[in-house]
């Protein structure tokens with residue numbers, strides 16, 4: 001078999017299965033051996049084994065086989081789940097991940113697995129080979145799980161029937177008939193167990209009859225009648241199953257297949273199938289580029305329509321504007337992915353880091369289906385890792401300390417994502433010690449970031465902000481995790497490069513909360529166009545607080561700098577024509593100077609312009625590699641008349 | 001047989017220059033140039049070339065031998081070096097000529113006031129001399145970084 005064309009598929013599916021395996025292992029650790037969870041993990045391992053085998057990755061197959069054996073032993077109650085087993089399973093999962101990444105990088109799965117294999121074998125008590133799986137032979141229900149489900153079913157007024165379906169001796173297409181039976185049965189209710197296994201039945205591997213245990217609201221006769229409608233079904237025997245008997249007759253065997261929703265209310269549930277197609281991100285980028293061209297042309301049309309003042313043209317342009325607005329929403333949505341993609345690697349990280357730190361930490365993740373632009377998703381991972389590690393290292397205290405403080409020994413970190421307006425917020429909240437103002441302030445003085453007086457007068461919030469300055473770290477000792485002084489300032493830079501902001505708040509003894517605010521999209525923004533002499537500039541709307549008309553008399557001077565009083569607070573007043581060395585000396589004779597009040601983080605400033613043009617959606621274009629970074633310009637855009645306008649970066653001007 | 005290279009010939013303030021033809025993408029009519037503040041003086045600004053933002057370079061100012069005037073007859077030569085694309089201000093684009101390596105003299109330290117590192121040499125033609133530009137060196141972004149630092 002030429003396997004190359006399947007390689008991408010293999011890699012993608014392997015990653016998915018490894019991810020669900022990781023999740024499963026974490027659940028397993030939490031639930032202390034919930035069999036349903038073991039089954040989930042087993043299924044992932046089993047699929048991985050099959051896939052790696054058919055792709056010819058034998059080392060990977062060997063390892064997954066060993067994993068399977070252990071999981072099998074666990075679900076047969078031959079092994080009890082303890083931390084040693086969990087650790088060994090995690091190690092094996094890590095090793096598998098490494099293999100997959102090596103294969104993705106063009107290598108082979110040839111990794112030394114002897115250490116992992118040895119630890120796996122050791123945990124399974126020197127019994128590497130699991131007993132052969134045999135289907136239960138009696139008709140009694142098979143385990144606690146089953147009994148549990150049946151009890152719930154009975155409580156909710158469902159019937160539990162044992163249905164024996166006998167096919168006619170002449171039946172040639174046993175598999176097809178069995179399939180039809182299952183189609184009907186699944187409409188009737190929930191199948192909790194079959195004998196032989198579903199897979200075997202669907203392959204036609206049974207003599208002439210098979211048994212289904214079914215939870216349904218339908219009566220005995222209804223079930224019988226409906227199943228008899230399948231041709232070549234000779235007889236259907238429906239008999240009730242007693243709960244009391246079930247509970248006591250628990251055996252060690254697990255059913256080969258059971259529906260995952262078994263513990264929920266048993267009701268017929270249609271398999272949710274959303275129809276999707278895979279599209280490469282490159283094509284989405286192309287689509288976006290073309291759309292940007294369209295936006296620029298739309299701007300040009302609007303300009304022409306303004307000049308011509310033709311009603312029909314105006315109406316058409318308006319329609320185009322509306323349509324392109326909807327189109328923009330859709331295209332931007334196409335590029336959106338749930339933050340889950342980034343979040344799902346954190347539980348494992350928190351687990352291993354908290355072990356290293358000797359702390360007990362529970363991670364809670366909320367709003368994992370919040371969506372973000374694909375490009376942001378790719379970039380936001382590292383800053384989040386850093387912030388979470390920071391909370392684990394500096395935030396959450398050691399268990400003894402927490403107990404003394406009257407807190408739960410296990411610390412709690414909440415990772416929360418949500419939409420608000422045109423932004424996505426991600427919060428990292430911990431219930432740890434909080435930020436010690438004095439410690440931070442002292443450190444900042446020591447590092448020469450602030451003076452002694454400032455240390456006294458700054459507000460708490462301002463002190464916390466100091467932690468984002470470069471070269472700042474308050475860890476008492478340098479640990480492996482954070483506190484190397486390359487921490488929060490890097491996080492801040494990264495987030496700002498994505499057009500976002502990061503903020504921190506804290507209450508001593510209660511915990512801290514870091515809030516990241518990110519724009520929904522990166523390439524099209526709302527902006528305010530302004531004139532400075534004859535030049536046109538764009539200011540991103542999200543940094544503008546308001547526009548104002550300022551009189552020369554209202555300005556004050558402090559240290560030679562012009563200041564403006566804004567809501568009882570003195571803010572710097574800067575003239576853009578000076579800031580940007582704009583040529584031209586047209587004197588404005590108006591009494592009022594048009595000005596823009598802009599904000600970056602905590603800082604507010606007032607910028608004098610010559611004329612407001614108005615709001616416009618603009619497409620951000622880079623100035624290119626040649627010019628590099630030009631302050632305070634963050635990019636350029638093409639206006640309706642084809643001219644280039646520069647986009648001002650408020651944060652570097654304030 | 002000596003090596004032959006094709007050069008696009010253009011004039012700029014009474015001098016004749018040649019740019020390697022494979023690095024010249026197009027010659028455009030003058031268009032609106034948007035000034036960029038706080039950058040090197042030889043950057044005249046940026047233009048919109050069919051949706052792409054390109055910096056405009058004044059070669060004379062880059063070579064420190066004067067400044068170009070922008071008139072009706074000014075043209076923009078769009079040139080490229082690796083992934084960098086810029087527009088050069090030129091007076092008139094003339095021709096494409098085959099230059100045999102034998103006709104090219106290496107340049108001394110400075111030729112016509114231009115630092116030798118920006119040049120591939122000087123070619124002797126019947127009509128006179130032609131200064132051959134080394135676009136890879138001229139478009140080196142590190143060059144602009146140094147100049148920007150000197151400015152600050």
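Glycine is no exception: its Cβ is also placed from the backbone N, Cα and C atoms.
The domain 'HPt' annotation in TrEMBL covers A:1-103. Residues or ranges marked as phosphohistidine in TrEMBL: A:46. Marked as region 'Disordered' by TrEMBL: A:122-142, A:245-272. Taken from TrEMBL, the feature compositional bias 'Low complexity' applies to A:257-272. Marked as domain 'Histidine kinase' by TrEMBL: A:272-522. Summarising the annotation, TrEMBL assigns domain 'CheW-like' to A:524-654.
The secondary structure of residue A:46 (phosphohistidine), as reduced to three states from DSSP, is helical. Mean pLDDT for the domain 'Histidine kinase' (A:272-522) in this predicted model: 83. Under DSSP, the residues of the domain 'HPt' (A:1-103) split into helix, strand and coil as follows: 88 helix, 0 strand, 15 coil. Per DSSP, the secondary structure of the domain 'CheW-like' (A:524-654) breaks down as 14 helix, 76 strand, 41 coil.
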